[in-house]
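Listed features, source TrEMBL:
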type     : residues : note
SITE     : R10      : site 'Important for substrate specificity'
ACT_SITE : D64      : active site, proton acceptor
SITE     : T65      : site 'Important for substrate specificity'
SITE     : Q147     : site 'Important for substrate specificity'
Amino acid sequence: MIVLRSKSPRRKQVLESLNLDFRVEPEEIDESSLENEYPLEYLERICLSKLGTRSKDEFLISCDTIVVQENSILQKPESFPQAMEMLQRLSGKTHRVASGIGIYYKGFERFAFEFSQVHFRPWDQEQIREYIEKYSPFDKAGSYGVQDKGGPVQSFEGSYTNILGFPIRTFFQYHEFWKKYLKNTFIK
């Protein structure tokens, strides 16, 4: 069985859409950035840490997503004012989203990631405030969801699911490990 080490409802939805046999067991870790840590170093450390206790009998997946602007990581906001500040900072600009995946199976451990670019439309403070009140984006890196109707995303380049929080193209590269966990299919 696949074990998803994430409490993200969006990651769970992606795996459900693939018709995989899995269970959710989040690993609680400290996700604070270390001093002078580069964004991809942070992403790798977090993804591999979230794998938690390794079991040779299970296929473990962990993910993390970061919003990167000017080489700074915008994580999940801790408060309404912090979400306001993040969205004001991103308003009318382009930034990058990196989603990483940690994989462990029978002694094989791997970290991989994908980048996407996101273009925000210009927003005023009232629009930002209304968005935060409507969507409560406190569980999303950068304080927004690409899936939110009327949200800040004007356009993007790259993978939608990557921006959502799951680097699906990268996950498919490891299909030999997980294809046996497909439910009710002739592909196994």
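From the backbone N, Cα and C atoms, a Cβ is placed for every residue, glycine too.
TrEMBL entries are annotated by machine, without manual review.
For the recorded sites T65, Q147, counting C-beta atoms within 10 A of each C-beta gives the highest total at T65. In terms of local Cβ density within 10 Å, D64 ranks first among the recorded positions R10, D64.
It is 17 Å from the Cα atom of the residue listed as 'active site, proton acceptor' to that of Q147 (site 'Important for substrate specificity').
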